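Novice: Features from TrEMBL:
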- 46-149: domain 'Cytochrome c' (DOMAIN)
- 191-300: domain 'Cytochrome c' (DOMAIN)
- Cys206, Cys209, His210: heme c 2 binding site (BINDING)
- 305-326: region 'Disordered' (REGION)
- 327-414: domain 'Cytochrome c' (DOMAIN)
- Cys340, Cys343, His344: heme c 3 binding site (BINDING)
Amino acid sequence: MKRWRNYIIGICSIAVAGLVGAAAFFFWPHSLPQVQASKSQPTGSELIARGEYLTVAADCAACHTTKSGKPFAGGLAFKLPFGTIYSPNITPDKTAGIGDWTDAEFVRAMRSGVGKHGEDLYPAFPYSSYALLSTDDILAIKAYLMTLASVADPAPENSLAFPFNQRPLMRGWKFLFVPWGPFQPDPGKDKQWNDGAYLVEALAHCGECHTPRGLMFQRKQGVALSGGDVDGWKAWNITSDKDYGLGNWSDEQIADMLTAGHAKDRGVAAGPMREAIDLSLSKLPKSDIDAIVAYLRTVPAVSGDADHKAARRKEEELTAGSTPTSASLQAGKDIYAGACASCHGWNGEGQFNPHAAILGGHALADPTASNVVRVVLQGSSDHASAPGKTMPSFAKTYTDAEIAALANYVVEHFSGRKGTVTAEQVSEAR
Ligand code: HEC
Ligand code: HEC
Ligand code: HEC
C-alpha cells in the first residue's frame, strides 16, 4: 500500500534527518499548558450535545470503533509493513480508556499528538488536522466522550519493530508538519465560508485523504485537496478545477455526493468515503454541507496528469456493451455481462437500485482502476437500500486475472481509456 510505503520512507527520512529531530526535541510543546473554556462555551446538556455533534463531524468513530466492537473502545488495526498499531480505547474507563485524563492532557493530544505520559503519537491519528480545532471544541468533545459507557478492555498492544517503535522519532515530523495554533477565521470572508473552512480543514479532515502526501507522509499543502491515496483507494481531486476537480459540478451534485454517496451523472462514492458519509457527513445539518460546498468552490484549482481528467463515453455509445479491443478484455466483458450488468446495465444506470448508477464516476475513468478493483473485491453497501440490491463482494468469485480483465473492461467500456490493471495488482489489493 502506497500510503504506508510513503509512511516508511517518511519515518526513515526522519530518522536520518536527526538534526531536525534534535532541534524539535527541545521545541515541541510537551509541556502541559493550562486550558480553559471561553465564556461562550455552553454548559450542561448543551455542552454534551455540542460535543456529540463535533465527535460525529470529526468522525472519531471511524477509527476508534471497530465493526463488531463496542463504541469508542478502539482496537482498529493499522497494518504497516513493519508492524501493527491499534487505535486506543477512548471511553471513560480510568485504566483502559481516557477516564483519568485531564483537560490539559486531552487538548495536548489533539493539538500536539502527545499521549498522557508524554509519549509521541503516530500521525495515523490525524492530529495534524485536529490541531486546528478551537480549545472550546476540543473540550466539548471530551465532555461528550466522558458520558459514554466505559469499556474496560484495553486495545491490543502495538507491535512495531525497531526503530519504528521509537516514538520520539515523531517529534521531527510534528515539528515540521503540525500547525502550531488553532484555525483563525478569515475576517475578509463571510461566516459560511469560514464555517466551511473549519469543517474541511479541521473537523472533517478531508485533506487527510484528499491531499497528496510527500516523501515524509506529510500533506502537500501547496496542492491541497488535489487527490490522495487512502489504503489503496484513490481519493479524487476535489479542488475547484473544472477538468480534474469539482469545478463543473453543481452545488447540488456536491451536496448529494457528500450526504448520500451518489449524485446524478457523477457516479457513487464507495470505500473510505462511503464510511465517512455513513458515520459522519450524512449526519451533519444542511447548513454545514452548504458551508463545505461554499468553501470547496474557493479551493485553488489544481490540475493533474491527463489520466485523471474526468471522462465518459456518450450514453448512446454504451448500448449493449462496447466491443473489447483484446481477447482478455472480452473475458472481462463476459464477466460484466453475467455478474454486473443486471445491476448496472450496459449504460451504467442503476437497474433495481438508483444508487447503482455509476456512469460519470471518476473511478470508471481511471486507467489504474484502483477503486473499481477494490469495490469489486470488497463490495460496498449503500445503507439506504435493501439487501440484495447493494454492491456484493466478488473476492471469492473470481481470480486475480479475471478481476484485472473485468476492471480493464469496465474502464474501457465507460470511459474509452485503456485500463492498466495486472493480476499482481489485484493480488496486492486483496
Ligand atoms: C484516522 C483514524 C483516527 C481518527 C479519525 C481519530 N483517531 Fe484517535 N487515534 C488514532 C490512532 C491510530 C491512535 C494511536 C496513535 C498511537 O498509538 O501513536 C489514536 C490515539 C488517540 C488518542 C490518544 C489515546 C491514548 O491512549 O494515548 C486520543 C485521546 C484520541 N486518539 C482521540 C481521538 C478523538 C477525540 C478523535 C475524534 C476527534 C479521534 N481520536 C479520531 C486514530 C484516529
Ligand atoms: C477517510 C478518507 C476520506 C475522507 C476523510 C474524505 N474523503 Fe472524500 N473520498 C475518499 C475516497 C477514497 C473517495 C473515492 C470514492 C470512490 O471513488 O468510490 C472520495 C470521494 C469524494 C468525492 C467524489 C469525487 C469524485 O470525483 O467522484 C467528493 C466530492 C469527496 N470525496 C469530498 C470529500 C469532502 C468534502 C470531505 C471532507 C468533508 C471528504 N471527501 C472526506 C476518501 C475520503
Ligand atoms: C446487486 C447489485 C450489484 C451487482 C451485482 C454489482 N453491483 Fe456494483 N454497485 C452496486 C451498488 C448499489 C453500488 C453503489 C454502492 C454504494 O453506494 O456504496 C455499486 C457500485 C459500483 C461501482 C462504483 C465504485 C466507485 O468507486 O465509484 C463500480 C465500479 C461497480 N459497482 C462495479 C461493479 C462490477 C464490475 C460488478 C460485477 C462484478 C458489479 N458492480 C456488480 C450494485 C451492484
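Note that Cβ sites are derived from N, Cα and C of the backbone, with glycine treated the same way.
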Novice: Checking distant contacts: for the region 'Disordered' (305-326), what same-chain residues at least six beyond its ends satisfy Cβ-Cβ under 8 A?
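Specialist: Cβ under 8 Å, 6 or more out: 227, 236-237, 243-244, 248, 332-333, 336-337, 341, 346-348, 359-360, 362, 364-368, 409, 412-417.
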Novice: Helix, strand or coil: which one is Cys206 (heme c 2 binding site) in, per DSSP?
Specialist: coil
Novice: Express the distance between the Cα positions of Cys343 (heme c 3 binding site) and Cys209 (heme c 2 binding site) as a whole number of Å.
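Specialist: Cα to Cα, Cys343 (heme c 3 binding site) and Cys209 (heme c 2 binding site) are separated by 29 Å.
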Novice: Per 10 Å Cβ neighbour count, which of the binding-site residues Cys206, Cys340, Cys343 ranks highest?
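Specialist: Neighbour-count leader: Cys206.
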Novice: Among Cys209, Cys340, Cys343, His344, which binding-site residues lie by ligand 2, judged by Cβ under 6 Å to any atom?
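Specialist: Close enough to ligand 2 are Cys209.
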Novice: For heme c 3, what surrounds Cys340, Cys343, His344 with a Cβ no more than 8 Å from their Cβ centroid?
Specialist: Tyr336, Ala339, Ala341, Ser342, Gly345, Gln351, Ala356, Ile358
Novice: Provide the number of Cβ atoms within 10 Å of the Cβ of Cys209 (heme c 2 binding site), excluding the reference atom itself.
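Specialist: That number is 24.
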Novice: Here are some binding-site residues: His210, His344. Which one has the most Cβ atoms within 10 Å of its Cβ?
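Specialist: Counting every other Cβ within 10 Å of each candidate, the maximum falls on His210.
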Novice: Give me the CA-CA distance between Cys340 (heme c 3 binding site) and Cys209 (heme c 2 binding site), in Å, as a whole number.
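Specialist: Rounded to the nearest whole number, the Cα-Cα distance is 29 Å.
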Novice: If you check the binding-site residues Cys206, Cys209, His210, Cys340, Cys343 one by one, which have a CB less than 6 Å away from any atom of ligand 3?
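Specialist: Only Cys340, Cys343 meet the Cβ criterion.
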